[in-house]
There are 2 protein chains.
Amino acid sequence: MQPQSRDCRFAGKLRPWISYYKRRQSRAPNRQLTVLRCCCTVTEMAALRLLNFWAMLVTLSVCNGWLFENFGSYRNREADEVALWPLPQKIQISGAAFQLSSAGFQITHANGSTAGPSCSLLQNAFRRYFDYIFGNARKQGKNQQKVFDSELQELQVLLTAKDPECDGYPNLKTDESYQLEVDQPTSVLKAANVWGALRGLETFSQLVYEDDYGAHKINKTSISDFPRFAHRGILLDTSRHYLPLKAILTNLEAMAMNKFNVFHWHIVDDHSFPFLSRTFPDLSQRKGAFHPYTHVYTPSDVKMVIEFARMRGIRVVAEFDTPGHTQSWGKGQPDLLTPCFSGSSPTGTFGPVNPILNSTYDFMTRFFKEVSTVFPDAYIHLGGDEVDFSCWKSNPDIQKFMDQQGFGQDYKKLESYYIQRLLDIVSATNKGYMVWQEVFDNGVKLKADTQLHVWKENPQYQDEMARITAAGFYTLLSSPWYLNRISYGQDWQAVYKADPQNFNGTAEQKKLVIGGEACLWGEYVDGTNLTPRLWPRASAVGERLWSDENVKDINSAYNRLAKHRCRMVQRGIPAEPLYIGFCPHEYGGL
Amino acid sequence: MQPQSRDCRFAGKLRPWISYYKRRQSRAPNRQLTVLRCCCTVTEMAALRLLNFWAMLVTLSVCNGWLFENFGSYRNREADEVALWPLPQKIQISGAAFQLSSAGFQITHANGSTAGPSCSLLQNAFRRYFDYIFGNARKQGKNQQKVFDSELQELQVLLTAKDPECDGYPNLKTDESYQLEVDQPTSVLKAANVWGALRGLETFSQLVYEDDYGAHKINKTSISDFPRFAHRGILLDTSRHYLPLKAILTNLEAMAMNKFNVFHWHIVDDHSFPFLSRTFPDLSQRKGAFHPYTHVYTPSDVKMVIEFARMRGIRVVAEFDTPGHTQSWGKGQPDLLTPCFSGSSPTGTFGPVNPILNSTYDFMTRFFKEVSTVFPDAYIHLGGDEVDFSCWKSNPDIQKFMDQQGFGQDYKKLESYYIQRLLDIVSATNKGYMVWQEVFDNGVKLKADTQLHVWKENPQYQDEMARITAAGFYTLLSSPWYLNRISYGQDWQAVYKADPQNFNGTAEQKKLVIGGEACLWGEYVDGTNLTPRLWPRASAVGERLWSDENVKDINSAYNRLAKHRCRMVQRGIPAEPLYIGFCPHEYGGL
């Protein structure tokens with residue numbers, strides 16, 4: 001028999017006892033306690049488990065009036081079914097379990113909530129999570145069931161902000177926190193706005209499990225939760241391969257299940273330009289896209305992605321990477337790219353964007369004006385990585401320009417010249433910008449709110465994070481999270497262990513880390529394999545960016561993530577297995 | 001403009017010219033010639049392409065009366081669309097193209113064929129390949145179209161064997177050869193039996209392409225084809241993860257598209273026992289399977305897999321691996337496994353099958369009697385790999401038995417004792433057997449027709465192949481084809497380069513190599529990711545085992561395989577991309 005609940009303040013008082021048990025017992029934390037973890041250390045948890053009945057009585061009296069109904073029948077197995085992912089910041093789960101029936105349970109707007117049925121974002125979320133909870137077993141007809149004492153009848157969603165942002169877009173400063181009190185007959189999910197409510201609904205849905213008889217149950221639970229980082233992203237690359245809309249939407253669904261909040265859409269690159277621009281349709285229509293009709297994202301498609309994401313609390317940050325990575329741009333926009341030379345003759349090939357022509361900046365002004373209206377997010381990712389100078393070097397006009405500007409042979413200065421002008425253009429659209437780390441490395445003058453995206457593995461990314469934050473800039477990490485790279489075995493573990501704040505720096509520096517992104521570059525990925533390759537490996541990044549920094553026990557993570565991936569499978573996401581085993585409801589196969 | 005056809009005898013006569021061009025030109029073989037390759041070397045092909053009009057005229061006169069209609073309009077792009085995979089042994093493609101319409105084209109039994117409409121295997125294949133060829137564009141209604149001169153109206157299938165084996169099963173000695181003459185108005189596919197016809201239908205379907213207007217076309221073509229190896233297998237593991245029936249059937253479809261002919265069903269192992277035995281149902285029902293109803297293969301399921309495979313010319317070789325890899329067997333069959341000891345006390349854990357009890361052999365006799373009737377194939381795979389001796393060593397009864405038998409401390413002798421008795425049991429069912437290489441390495445006495453399956457990478461598999469064949473045994477290779485192992489990048493290339501006959505040995509020894517198998521062990525694979533992980537990487541093995549040993553140009557393979565994978569995608573197989581690019585019809589995403 002084991003204690004029914006864990007209050008970490010209580011755990012603190014038990015530390016003398018714990019160190020006694022620590023000396024006697026050094027076994028690993030018990031799997032079944034995983035979900036009961038809060039602010040206690042692993043050892044404290046293991047020790048708590050070993051406490052005798054006396055300690056349980058103490059627990060009863062200390063834990064803030066927390067009640068332990070159904071005391072005798074408490075079973076760890078049931079609690080173990082609840083594999084929360086990512087783990088909330090603070091959680092108490094009681095052994096008391098309530099039933100939920102599809103006919104008797106409803107999610108409603110609480111009295112006094114600033115949102116009501118006209119908040120379609122919330123209404124859609126209610127429907128989505130109701131479906132997740134009851135799956136295909138949803139019954140038709142009115143509630144004619146007998147209500148049992150232990151039945152959970154309602155989850156009331158209470159929004160408190162004057163503007164709950166039903167029709168808004170999430171942003172970097174969005175408050176995603178929520179409080180969830182699961183009790184019968186009525187549970188309450190409290191949040192400032194719809195974004196916190198979405199996170200809380202996901203957690204609520206994860207708390208529901210099926211008992212041996214297939215009945216839906218949820219334990220009495222108290223959760224207070226908020227994200228560790230504000231920017232928790234997934235990068236998908238739609239240039240190396242075109243990703244069908246359905247694959248993108250499925251990924252957004254999976255992101256919401258893992259509390260990600262940024263879809264970084266690396267929409268164009270060297271290999272194809274699938275973004276159908278209204279201002280410059282030739283970019284995709286004249287061989288820039290793999291195919292002008294079947295392999296493009298029309299304005300309607302883009303709108304749908306943005307709205308689908310918004311409904312799940314996900315920002316869509318588009319990346320239009322220049323001056324490198326632009327081969328496909330050149331097909332529909334003559335004179336945009338630099339002609340490469342061999343001696344005094346043009347080779348017929350082209351290099352990066354031509355930075356010395358006024359027409360380039362006229363084009364960029366009009367293009368980014370469109371982009372800034374198509375994508376509502378406050379930020380645009382401008383790329384700026386991997387600029388190959390060899391073509392610039394070969395071009396006589398560029399050499400002349402370098403001389404005129406006094407750049408000598410320092411092509412980083414030319415790159416900076418271009419980027420600086422581009423940043424001015426984008427700033428004029430009232431957008432903030434994200435750029436890859438090279439823009440910082442090459443000494444471009446940046447606005448204070450610029451976000452620098454660290455992606456290189458060498459030199460060590462920790463040093464780069466330290467340098468960027470020492471210079472006072474915001475940064476986010478991707479280096480250890482290039483999930484396109486695969487290897488045999490449980491490579492999610494290395495992904496899970498990386499931490500964006502694990503570098504030498506002051507507390508002030510650490511605060512400049514806004515989060516990170518898992519990147520799935522598209523060289524070897526398309527609609528056939530994207531989803532199982534990304535999930536649940538990206539889930540490991542999801543927990544790292546949401547949960548407390550001390551949540552890093554790999555065994556606990558394995559147990560919860562294996563179940564969470566089965567939950568994703570049951571919800572229709574073909575997330576691949578971590579290792580040997582099975583899901584109660586397997587993916588049907590293809 | 002380029003030559004219209006390639007006859008390799010002709011190419012041989014051109015060698016002096018070729019070496020002249022070789023000196024002047026060292027560029028890589030032209031991609032567009034890929035499909036025209038036959039027995040010519042790559043350099044000969046490249047040289048042929050460079051020949052002038054005079055050479056073409058010579059070609060006309062030399063190439064065995066082969067005609068070149070539609071000469072002026074011949075376009076390489078169209079021929080390039082025809083990416084045959086695996087490449088047939090002998091092939092001539094003309095520039096003359098015929099149209100096919102879904103309303104006007106039919107696949108029929110030729111006059112004089114030994115098979116007719118009652119041959120349901122063929123009838124089903126006709127339907128399947130008709131659907132592949134015309135996709136969703138199949139028109140309803142009778143043929144009311146005008147027949148053009150250049151229209152292909154019929155593919156006649158002519159079987160010549162007295163018994164075309166419509167209701168039979170393929171076996172190791174099956175003749176899979178076929179001749180295909182594509183001409184208008186009637187093409188002929190000639191084979192001894194249904195198995196060759198199936199391979200020829202696959203090739204025919206691959207020859208059809210769509211022109212710019214979406215019209216279905218096929219070039220005048222002559223093919224004579226046969227497999228290099230008789231055993232071309234895929235191993236799937238349904239123990240580490242349960243694979244839903246649909247995933248297995250999809251894989252069988254993909255196998256047929258790549259001319260594989262053996263499904264090696266590694267059906268049970270340590271982790272689960274999903275095979276529902278009628279004789280010993282407890283094996284799967286008493287916790288041997290992950291779940292007794294949802295995670296088992298019933299006798300009906302097994303029958304369906306076997307029949308689905310048969311219809312595609314695929315043998316189903318079941319593996320029941322003993323004496324190791326049997327933890328799951330112990331759950332439903334008490335006393336089958338060896339109790340492990342710590343000193344004089346049993347530990348409660350179990351090791352390999354207990355080889356010293358008569359009950360073990362009684363069980364195996366009854367079990368394999370059932371297996372031999374459930375699986376019609378002439379071979380059973382008996383495993384025999386990775387036997388861990390530590391538990392046997394710990395067991396006092398086994399020690400006593402070792403003394404009695406005079407085995408000393410040589411546990412390989414005990415293993416051999418077990419395997420020898422098992423082989424006798426299986427021989428009595430009139431089945432042949434396959435075993436993993438350890439059975440040979442450990443000196444077990446084997447029947448002459450035993451097939452030894454080489455899987456270890458170290459010591460070098462080439463040496464093992466040499467040893468086994470020097471001892472006069474049949475062998476097949478899997479070591480370089482463990483496709484469960486993944487790495488970042490184009491790992492299909494290493495897979496493609498491996499060759500089962502690439503070891504030091506006599507011609508006689510090489511003849512003992514019956515083929516090989518691509519293995520997808522199940523630790524990290526289930527229905528969510530199986531298909532894109534296996535395909536098109538397994539296709540590389542497919543060509544290695546079917547095509548001529550000289551077919552190994554990696555650029556040609558890349559170009560054909562990239563298109564072949566798009567063809568698989570269009571047929572509903574989510575085969576992953578080789579590298580950057582696109583398919584005309586993308587997989588819709590999940």
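Including glycine, each Cβ sits where the backbone N, Cα and C put it.
Whatever TrEMBL says is automated annotation, not expert-curated.
The model shown is predicted, which means the values in this text are computed figures rather than measured ones.
As given in TrEMBL:
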- B:84-207: domain 'Beta-hexosaminidase eukaryotic type N-terminal' (DOMAIN)
- B:CYS119-B:CYS166: disulfide bond (DISULFID)
- B:229-548: domain 'Glycoside hydrolase family 20 catalytic' (DOMAIN)
- B:CYS340-B:CYS391: disulfide bond (DISULFID)
- B:GLU386: active site, proton donor (ACT_SITE)
- B:CYS566-B:CYS583: disulfide bond (DISULFID)
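Reported as a whole number, the C-alpha separation between B:CYS583 (disulfide bond) and B:CYS166 (disulfide bond) equals 36 Å. A coil conformation is recorded for B:CYS119 (disulfide bond) in the three-state DSSP classification, outside any helix or strand. In this structure, the disulfide-bonded residues under consideration are B:CYS119, B:CYS340, B:CYS391, B:CYS566, and the one with the smallest number of other Cβ atoms within 10 Å of its Cβ is B:CYS340. Sorting the disulfide-bonded residues B:CYS166, B:CYS583 by the number of other Cβ atoms within 10 Å puts B:CYS583 first.
Put simply, B:CYS566 (disulfide bond) is 31 Å from B:CYS119 (disulfide bond) when counted between their Cα atoms. Calculated from their C-alpha atoms, the gap between B:CYS166 (disulfide bond) and B:GLU386 (active site, proton donor) amounts to 40 Å.
Spatially close to the residue listed as 'active site, proton donor' yet at least six residues away along the chain are B:GLY324, B:HIS325, B:GLU438, judged by Cβ distances under 8 angstroms.
The DSSP secondary structure for B:CYS583 (disulfide bond) is coil.
Sorting each residue of the domain 'Beta-hexosaminidase eukaryotic type N-terminal' (B:84-207) by its DSSP state yields 32 helix, 33 strand, 59 coil. The DSSP secondary structure for B:CYS566 (disulfide bond) is helix. Rounded to a whole number, the C-alpha distance linking B:CYS391 (disulfide bond) with B:CYS566 (disulfide bond) is 50 angstrom.
Counting only the Cα atoms, the space from B:CYS340 (disulfide bond) to B:CYS566 (disulfide bond) is about 52 angstrom. In the three-state DSSP classification, B:GLU386 (active site, proton donor) falls within coil.
In the three-state DSSP assignment, the secondary structure recorded for B:CYS391 (disulfide bond) is helix.
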